[in-house]
């Protein structure tokens, strides 16, 4: 088995999908989890205005709507959380995503004060954060807020990780990578677009250039610039297609060097890091 085949198998990626079937699969997956653990009353998700959180949010609200109707349990809710750092440049996209999702509840937590306070505390201890590390601080502060909300609403935190993100490890460890349940896992980027198209999502929410937008020095830096490959390249790779050698090597290098992000903390029984 080639490395490409191993990666595709590990991430559960498929070369083709039926959008309606995958929507149903994700919604049923969320419903089944909630029914298995009846003490869970809410799904909590940060909404950025980008493709992934818009899709995950819509699926969450669909699952909650169906489950409320089927069980008559009115205590179930989906909580969409806005998590700007100061003023978000694409705030209108966030509002458009909220309008599309129609969440039960919307909360806004501005993380800037918490990030600056943490940075100042570290500075006083003699640690000056780089812009890159400050970006990770933002991602972790966002997850901290979501877990606090989930803790107070008997909820779980929903993630937006999918195959095209997992393959490169393009998420912050214990930040946006630290969630309870991932309904998009297995899909690549273009497949996520297929689901949003089937759901009637406004095109500008999934046709915009994806960006983590964590670095102050490089605001709205496109993911594809940071990665050195395009999402079309990544999707083609995950669909088993042949790519130019350098492109395939870049993707595989990202996968191998970020393996630790896709695993629990390393213990004495692990040996993947020696290979």
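Yeah, the Cβs are placed from backbone N, Cα and C, and that goes for glycine too.
Annotated in Swiss-Prot:
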{"type": "BINDING", "residues": "46, 47, 48, 49, 50, 51, 52, 53, 160, 189, 211", "note": "ATP binding site"}
{"type": "BINDING", "residues": "52, 165", "note": "Mg(2+) binding site"}
{"type": "BINDING", "residues": "140, 173, 180, 260, 261", "note": "deamido-NAD(+) binding site"}
Query raised in the report: If you draw a 10 Å sphere around the Cβ of residue 50 (ATP binding site), how many other Cβ atoms fall inside it, taking every protein chain shown into account?
Result: 22
**Report entry** Largest inter-residue Cα distance among 140, 173, 180, 260, 261 [record-listed deamido-NAD(+) binders, Å]
**Finding:** 18
Report summary line: When the binding-site residues 52, 165, 180 are compared by other Cβ atoms within 10 Å, fewest goes to 180
Requested in this report: Out of the binding-site residues 165, 173, 180, 261, give me the one sitting nearest to residue 46 (ATP binding site) by CA distance.
Outcome: 180
Query raised in the report: Quick one: Cα separation, residue 165 (Mg(2+) binding site) versus residue 52 (ATP binding site), in Å?
Result: 10
Requested in this report: Could you tell me which three-state DSSP class residue 165 (Mg(2+) binding site) falls into?
Outcome: helix
